[in-house]
Amino acid sequence: FYPRKNTNFKILSKKKHKLEDFNQDFNCLSTIWFETFTGRLNPVHRYTFRDRLSQRYEKDLPGIDIFVCTADPSIEPPIMVINTVLSVMAYDYPQEKLSVYLSDDGGSNLTFYALLEASRFSKIWLPFCKKFKIEPRSPEAYFRTAIEPLDDPLKAREWHSIKKSYEEMKMLIETTTKLRQIPKAVRKEHKGFREWDFVTSQRDHQTILQILIDGRDPKAVDVEGQPLPTLVYLSREKRPQYHHNFKAGAMNALIRTSSRISNSPLILNVDCDMYSNNSESIRDALCFFMDDCQGHSIAYVQFPQRFDNLTKNDVYASCLLVTCGVEIEGFDGNGGPLYIGTGCFHRREALCGEKYNRDCKVDWKSVNYQGKVEGSASVLEETCKVLASCTYEEDTEWGKEMGLKYGCPVEDVITGLCIQCRGWRSILFNPERKGFLGVAPTTLLQSLVQHKRWAEGHLQIFLSKYSTLWYGHGRIPLKLQLSYLPYSLWAANCWPTLYYAAIPSLCLLRGISLFPKISSPWILPFVYAIFANSLYSLGEFLWCGGTVQGWWNDQRMWLFKRTTSYLFGFIDTILNQLGLAKSAFAITEKKVDEEVTHRYEKELMEFGSPSPMLNIIATIALLNKISFVGGIRRVIIVDEQKKVFDQFAWQILLCGVLVYINMPVYQGAFFRKDNGRMPTLTTYRSILCALLACAIAVL
């Protein structure tokens, strides 16, 4: 609830003033509740029947182009990247109809070397996956969880052989990555390494395109003589004088390049850390695209973003349990989920800007596979380089009406919205066995920076011509417009949260009451709203599969994100709108050392390096600690007739809740001695800021 405008209480009509304040609070909270409720009004959970798909279309299955994007080998280790590549190469799908493209925006020969090793390892890995029907098909994830098959000597022998081969490959890649230098003997093994003789830097180099496995080549087979998927490495051209548009630019380069090499009608894009956890995901998606009744209207099928390194109680609330389990399913019922940038199957024509035409239906049985194009691999490599050049998009609609949109930190969301506004539908598929699993942030700052980018991007969309309120008007259903609103206003929520995290505490020190007395009947709406909301939130979290401690961690991260990530996202968006700053794309680091991983598994919060975000978190925590102690002192020492408690009970309770929720902050600042503690400089600064705020409050 928002506090009263007049906190002096010396007014002529207290009853009238309280009624006006309650109405203002009620109207504001009703608006927030209505937006949230609309998004959950019509949840849809879908099931597929893959056996029926196989019966009707097994011989007519379409080609699939799979895009894997990476940007920097120093924060996205090559061994992690190739595990994702190998997992999507091993889908339970006709191999000759799969084409896998790796976009390396870092232009690193280390990533190319890792992919080259993966192409060799795939010759034994893919037959092993299909022979024993293993899940998941990421080697790292599989061998980390699989149990040695002792009951079958033949399988055990092959299992050990494959595991040994993988560990040898992993050691070679990690050693080379650590040394940051490709051995001369290895460089002579493939002509692709010569490309780096002309590379000036990561941001200044020519297009590097190498077809490592040509699926059209009869010799491109595994150890059992079965065809291998096409495998392509692409590092688009970059020059200092041209803006490369981050991931959106990389995706658009892949769309154009793949249209010349394989030109499959469907595209799957995944981030480099999101390995395939279900070998049947392609067939699941095709059940929607190839549906006779509604398949022709579907632009993309989105799988939820899930993670495989979460702790039991999800200390950083990374799993977005309620968002993926409730809210996005509500999106689906209201017209279709938003595109979240990974784990998504696209119809190529919709992604390239085509408008939906209800009269245009695809007859999958009459569509010829478009993967076999003329020309050798070397010819294709040369002819396709221009499609990934810096100048190709000049005076074209790429980044505007074609491909992914440019100019926004959440290019995926705005792209999905524009696709929906062109008449297409989208589908959410949330199977029991998750389709994709990624790497969640393992430090507090990683999580906060990620959410800052999301909040900033959503607010930019809201303030741009692509806001759902006006751009979506008449193009998408009203209920879908309203479903987008809570996300669009994430960043704006920083201000009421900051207000309630700081002002009641300062007013408690000052002796100013902000809430009705306990003895007043006006306390009942506050009691109902607080407890009903908390119990509903807890019940919903538990229903989605969470724990009580996980819910409490979620509440803590809710506070941290709103007072830091959303605040900085809001400020950066306003500066961007005024032309005083430019948007940047922050990549979440996936490389973590062993100490950090050990603390993360013990669910110890990792504060790490000094940051303005940590300054705010620690200052608010200390401010509430001081105010809580001051409030308790006032009740014990001064309150003879219990008037103080009657007047300030709710403010003391609010401070107490904030103190309890910030316990990891106090531990990190004053009690922990490990490297993950709160930086000493941050602690000193926060103490100074908190004491200064308290001193000003009591003056």
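Backbone N, Cα and C define each Cβ position, glycine as well.
Record features (TrEMBL):
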ACT_SITE  Asp105  active site
ACT_SITE  Asp412  active site
BINDING   Glu76, Asp105  UDP-alpha-D-glucose binding site
BINDING   Lys247, Asp271  Mn(2+) binding site
TRANSMEM  521-543  transmembrane segment
TRANSMEM  613-632  transmembrane segment
TRANSMEM  644-661  transmembrane segment
TRANSMEM  681-698  transmembrane segment
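Looking at 521-543, 644-661, 681-698, the range that has the most CB pairs within less than 8 A of the transmembrane segment (613-632) turns out to be 681-698. Around Asp105 (active site), the same-chain residues at least 6 positions away in sequence with a Cβ under 8 Å from its Cβ are Cys69, Thr70, Ala71, Asp72, Ser235, Arg236, His244, Phe246, Lys247, Ala250. In this structure the C-alpha atoms belonging to Glu76 (UDP-alpha-D-glucose binding site) and Asp271 (Mn(2+) binding site) are separated by 10 Å.
Within the chain carrying the transmembrane segment (644-661), a Cβ under 8 angstroms from the stretch's Cβ atoms is held by residues 500-501, 504-505, 507-508, 513-519, 523, 526, 552, 555-556, 559, 620-621, 624-625, 627-628, 631-632, 634-635, 638, all 6 or more beyond its ends. The Cβ of Asp412 (active site) lies under 8 Å from the Cβ of Leu338, Tyr339, Ile340, Gly341, Thr342, Leu404, each of which sits 6+ residues away along the same chain. Every protein chain considered, the tally of other Cβ atoms within 10 Å of the Cβ of Lys247 (Mn(2+) binding site) stands at 23. The Cβ of Asp271 (Mn(2+) binding site) lies under 8 Å from the Cβ of Val68, Cys69, Thr84, Gly341, Thr342, Gly438, each of these being in the same chain and 6 or more residues away along the sequence. All protein chains shown were included, and the count of other CB atoms within 10 Å of the CB of Glu76 (UDP-alpha-D-glucose binding site) stands at 26.
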